[in-house]
Every structure is written in structure tokens, then in C-alpha cells.
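Undergrad: One structure is given below, represented as C-alpha cells, and several questions about it will come after.
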Amino acid sequence: MKTSVLFVIFGLALLLCLSFAAELEDTGRQCGEFMWKCGAGKPTCCSGYDCSPTWKWCVLKSPGRR
């Protein structure tokens, strides 16, 4: 039982560290990808994406979109 609790705690700690590292990598980008917050003061969307005027995040370009 104690071993199981330790595995859960270490697993959660590892997950937290990995998500933190991924977040640091994302903030180093010069443009936003899918579901990235965009708008005033934020990086522009990468090529192939547009900033949604409604939701203010990067979405895939579509032929019908202005």
C-alpha cells in the first residue's frame, strides 16, 4: 500500500515536471499554433492558422474564413 502511494506521488511529480517543461518550450515560440491565445499583446498565429475573432485563439485556415 505504501509503495502504491509513493508511485502515485512520484508519477504526479513527473507529470508536473513534464508539463512545466512543455510550457517553457511553448513560450519560446515566435508564433502561435492551434488553440494558442492570440490578439493584442500576444504572438501572431503561425502560417496555416488564423486568429479567431470570436474566441481569440489560433484556428486552422479554411476557404470560407475571411
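From the backbone N, Cα and C atoms, a Cβ is placed for every residue, glycine too.
Because the structure is a prediction, the values reported are computed rather than measured.
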Undergrad: Of the residues C31, C58, which one does Swiss-Prot pair with C46 through a disulfide?
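TA: Going by Swiss-Prot, C46 is disulfide-bonded to C31.
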Undergrad: Say which of C17, C51 is recorded by Swiss-Prot as the disulfide partner for C38.
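TA: Cross-referencing Swiss-Prot, the cysteine bonded to C38 turns out to be C51.
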Undergrad: When DSSP is mapped onto helix/strand/coil, what comes out for C45 (disulfide bond)?
TA: strand
Undergrad: If we check Cα distances from C31 (disulfide bond), which of the disulfide-bonded residues C38, C45, C51, C58 wins as closest?
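TA: Of all the candidates listed, C45 is nearest in space.
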Undergrad: Which residue, out of the disulfide-bonded residues C45, C51, shows the minimum number of other Cβ atoms inside 10 Å of its Cβ in this structure?
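TA: Ranked by other Cβ atoms within 10 Å, the disulfide-bonded residues C45, C51 bottom out at C51.
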